[in-house]
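K.L.:
Dumping the structure here so I can ask a few things about it.
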Amino acid sequence: MLDNFNQPKGSTIGVLKDGRTIQEAFDSLPRLESFSGSTATDKLRAAITLGVSEVAIGPVEGNGGRPYEFGDVVIPYPLRIVGCGSQGINVTKGTVLKRSAGASFMFHFTGEGQAQRPMGGGLFNINLNGDTATALGDIIKVTQWSYFKANNCAFQNMAGWGIRLKDVMESNISGNLFRRLGGPSGGGILFDDVRSAVTDNVNNLHIEDNTFALMSGPWIGSTANSNPDLIWIVRNKFEFDGTPAAPNTVDSYVLDFQQLSRAFIQDNGFTHFTTERNRYVGVLRVGATAVGTIKFEDNLLFACESAGLIAGGIVVSRGNVNNQGSATTAIKQFTNTSSKLCKLERVINVQSNGNVSVGQQILPDGYINMAELPGNTRLPSEYDADGETTSVLRVPANTQVRQWSVPKMYKDGLTVTKVTVRAKGAAAGAILSLQSGSTVLSTKSIDAGVWKNYVFYVKANQLQETLQLRNTGTADVLADGMVFGKVDYIDWDFAIAPGTLAAGAKYTTPNQSYLDVAGMRVQAVSIPMFDGPTTGLQVWVEATSANGSFVVVMKNDTGSELVTTVTRCRVRAFVS
């Protein structure tokens with residue numbers, strides 16, 4: 001019935017399609033007091049026995065000014081419980097419910113034991129409270145259910161959980177208040193263990209446009225056997241504005257997921273979470289057994305101490321902003337120990353005066369994180385403080401690093417390309433080989449314990465559909481990222497030893513073959529450059545074969561002996 005409002009978005013006054021006002025619609029619902037029973041719990045159970053689809057609960061004035069008390073009410077079908085709203089946070093007016101003393105929960109929407117899964121139902125326009133501020137258990141439980149909704153409600157005043165979800169799908173929790181909840185054994189919303197199989201989980205759940213405040217424990221969290229999947233946590237407010245009756249006894253995180261997969265945590269506001277404020281050491285923690293992709297994007301982490309800890313999962317973090325006073329007091333970036341690919345961009349720090357004190361990370365043009373490339377072997381990703389984007393691949397000996405497709409534009413028979421790889425050896429004996437199919441094009445010995453750039457050139461006639469890098473050595477390689485692209489020139493640097501030249505004498509450098517590097521694509525060469533003075537010498541480049549090689553000639557054109565000190569020569573070979 002309440003889905004049929006003909007009401008413009010944002011309006012507080014509306015009518016049904018049949019012309020009735022909202023108040024008339026509410027008054028036409030079956031009222032709690034119309035059912036038999038001596039207590040509110042008894043009356044609601046009587047309504048459930050009759051199978052009514054909706055029950056309206058009026059303001060506390062109809063109950064002598066006291067909250068309606070409910071305890072351990074099991075709801076086995078899609079019942080809608082509708083209130084008339086409430087006034088104020090610590091309410092005394094409106095539809096106010098309270099869990100009965102000694103109860104484990106207030107309401108349990110459960111499809112267990114049903115021939116068919118319940119679809120629909122939920123809570124609307126109600127203020128729901130625990131029996132005491134230190135009571136444990138749950139206010140609401142939902143099990144084996146689809147299309148559950150909790151809209152425009154408040155969940156408050158208990159050390160247990162506001163909402164516990166188990167095997168709940170296609171559901172929505174939006175426009176609610178979660179406040180004065182949680183403790184060492186509680187929190188706001190919990191994704192509980194799977195019911196029987198891993199697919200009996202919480203999935204396709206939207207938690208949107210809610211306000212969370214004054215809580216302990218995880219404000220949203222999951223257990224180690226929960227497997228939540230396809231979760232939206234969007235446009236919520238998470239604000240620390242005090243500690244509830246049951247404070248945290250261990251370091252805690254606002255969003256704390258032991259397991260999570262395919263999640264969108266976006267456009268939320270987090271405020272004032274620090275160790276000094278109820279031991280909130282970070283905003284987000286993802287456990288080591290998390291497996292799927294989690295996007296943490298475009299959130300405002302104002303006056304927060306730390307972004308959090310990523311121990312598992314494939315986490316993408318970008319567009320997040322902090323507002324600390326300076327770079328030295330800016331938010332601590334994510335700690336990443338996940339063995340899976342994570343791409344964690346810096347949380348930007350913008351001071352109150354508008355100055356950016358911690359900005360975006362600048363990456364080289366065309367830079368690709370190695371872990372983002374495809375491959376034929378699952379490789380562990382690990383944290384390295386000196387990694388370009390913190391996640392690097394550990395590649396065992398005799399294993400493919402990654403492979404990539406060559407752009408068709410480069411396969412014109414004319415283009416020479418360059419691969420620059422940032423890598424380090426875990427120990428001596430690491431070797432990187434660039435291959436086209438099974439053909440080895442070039443190899444590089446990788447120094448142990450130090451990050452360096454290693455450059456490979458690929459001739460035009462070597463560019464096949466794909467290229468690959470392999471560790472062909474005997475030690476692990478840590479591979480960070482690479483840049484692959486067309487080159488216009490190659491700087492050719494080599495050792496020379498002209499020594500002392502008599503008057504009129506010439507020195508010819510060792511032969512330099514560019515055939516294996518650039519093929520026959522060299523169009524021109526530059527004037528040779530040296531690492532010392534060449535006063536009195538004539539220098540030039542001579543081609544030495546039709547297959548692509550050259551020497552540099554140095555001639556003493558003076559009338560006396562010349563002592564040279566140069567030891568290296570560089571020639572730029574233009575290939576485009």
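Counting begins at 1 with the first residue displayed.
Every residue, even glycine, has its Cβ placed from backbone N, Cα and C.
Below, the features straight out of Swiss-Prot:
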ACT_SITE  Glu170  active site
ACT_SITE  Asp229  active site
ACT_SITE  Glu239  active site
ACT_SITE  Asp241  active site
REGION    34-360  region 'Catalytic'
REGION    380-487  region 'Carbohydrate binding'
REGION    488-576  region 'Lectin-like'
K.L.:
What is the interatomic distance between the Cα atoms of Asp241 (active site) and Asp229 (active site), given in whole Å?
P.N.:
30
K.L.:
What same-chain residues, at least 6 away in sequence, bring their CB to under 8 Å of the CB of Glu239 (active site)?
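P.N.:
Within the chain, Glu239 (active site) has Cβ neighbours under 8 Å at Thr211, Phe212, Ala213, Gly269, Phe270, Thr271, His272.
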K.L.:
If you run the three-state DSSP split on Glu239 (active site), which class comes out?
P.N.:
strand
K.L.:
In whole Å, how far is Glu170 (active site) from Asp229 (active site) when you measure between their Cα atoms?
P.N.:
11
K.L.:
So if I measure Cβ to Cβ from Glu170 (active site) and keep only same-chain residues at least 6 apart in sequence, which ones fall under 8 Å?
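P.N.:
Expected: Met119, Ser146, Tyr147, Asn204, Leu205.
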K.L.:
Just give the helix, strand and coil counts over the region 'Lectin-like' (488-576), going by DSSP.
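P.N.:
For that range the per-state counts are 4 helix, 44 strand, 41 coil.
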K.L.:
So how many other Cβ atoms are close to Asp229 (active site), meaning within 10 Å of its Cβ?
P.N.:
21
K.L.:
Could you give the number of helix, strand and coil residues in the region 'Carbohydrate binding' (380-487) as assigned by DSSP?
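P.N.:
Split into helix, strand and coil, the region 'Carbohydrate binding' (380-487) gives 6 helix, 63 strand, 39 coil.
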K.L.:
Using DSSP with the three-state reduction, classify Glu170 (active site) as helix, strand or coil.
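P.N.:
Reduced to three states, the DSSP call for Glu170 (active site) is strand.
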